[in-house]
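*Asks:* What TrEMBL records for 20-42, 57-74, 86-103, 154-173, 203-220, 232-254 is transmembrane segment.
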Amino acid sequence: RHGAVKNEDTFKTSPFHLDLWFYFTLQNWVLDFGRPIAMIILPLEWFPLNKPSAGDYFHMAYNVITPFLLLKLIERSPKTLPRSMIYVSIIMFVMGASIHLVGDSVNHRLIFSGYQHHLSVRENPIIKNLKPETLIDSFELLYYYDEYLGHSMWYIPFFLILFIYFTGCFTPVEEESRMPVAALLLMGPSSLYYWYLVTEGQIFILYIFTFFAMMALVMHQKRKGLVLDSNGLFLFYSFIITLVLIALWVVWLWNDKTLRKKYPGVIYIPEPWAFYTLHMSNLHPAKE
């Protein structure tokens, strides 16, 4: 009964979803942040360059588990949310994450051949001397699918679903606007992951607009005498801490001339993987 209206629990408050937020945090760290690390750490003999890496299998699991967790989160909302928009967003999310899986798999495997993520495709030593030159266009197309189309179709629905869920996290009961200790403990790892998501995904504009929309909604609901419940506070404070982490990251790398060249726009937010290949690539030399 997806179309049923919960008239009787318009202001019903949900307890803190410790299980779901814990699973979110765990799988985000292991299956998303951990996938390129697994690719690098595990012996290359186990996953040859012409076969999927361990990170690719992590990505496949992420593409299945995350939509399921998002749907479970929406189901627990005390407010009836637009189901059609949720389903379309989930479909777009899976499509975008799957497109990203292919592009990211190839781009990360290129590290073993000497590819440097802090350089553009055409500036990479292993790419610019390819013959015929049309092969370079193919690699740029791969980069477009990975970094632009895949990220857009992945992250826009993801943040949209989180915001839609956030709209149902308000209560007129002041006592419900508290976070348990478990939420405080999860907030650090959750915020740090969102930092990675925003910086590596280059989606600061999407993130900041989502955050501003959250702030506007909080102020609007406050005029009605409504406050955030524990789940809403967890999500809202996680986004605030994420913004602080992004600011610290930018300040730290503000004078890095090489990364400045790679990210010349008004918004300067280097990718962690670009930082890795620029300053730590000597730890994993190119394979012959």
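Indices start at 1 and increase along the chain as displayed.
Each residue, glycine too, has its Cβ placed from N, Cα and C.
TrEMBL annotations: computationally assigned, not manually curated.
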*Asks:* Can we call the transmembrane segment (154-173) and the transmembrane segment (20-42) in contact, meaning three or more C-beta pairs below 8 angstroms at a sequence separation of 6+?
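*Replies:* Taking Cβ pairs at least 6 residues apart, the transmembrane segment (20-42) and the transmembrane segment (154-173) are not in contact, as fewer than 3 fall under 8 Å.
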*Asks:* Do we see three or more Cβ pairs under 8 Å linking the transmembrane segment (203-220) and the transmembrane segment (232-254), pairs being at least 6 apart in sequence?
*Replies:* yes
*Asks:* Cβ under 8 Å, sequence separation of at least 6 from the ends of the transmembrane segment (20-42): give me the contacting residues as numbers and ranges.
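*Replies:* Residues packing against the transmembrane segment (20-42) from afar: 53-56, 58-59, 61-62, 65-66, 69, 72-73, 76, 108-109, 111, 182-183, 186, 189-190, 193, 196-197, 231, 234, 273, 284.
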*Asks:* The transmembrane segment (57-74): which same-chain residues, six or more beyond its ends, come within Cβ distance under 8 Å?
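*Replies:* Non-local partners: 17, 20, 23-24, 27, 30-32, 34-35, 38, 81, 86, 90, 93-94, 97-98, 100-101, 104-105, 158, 161, 164-165.
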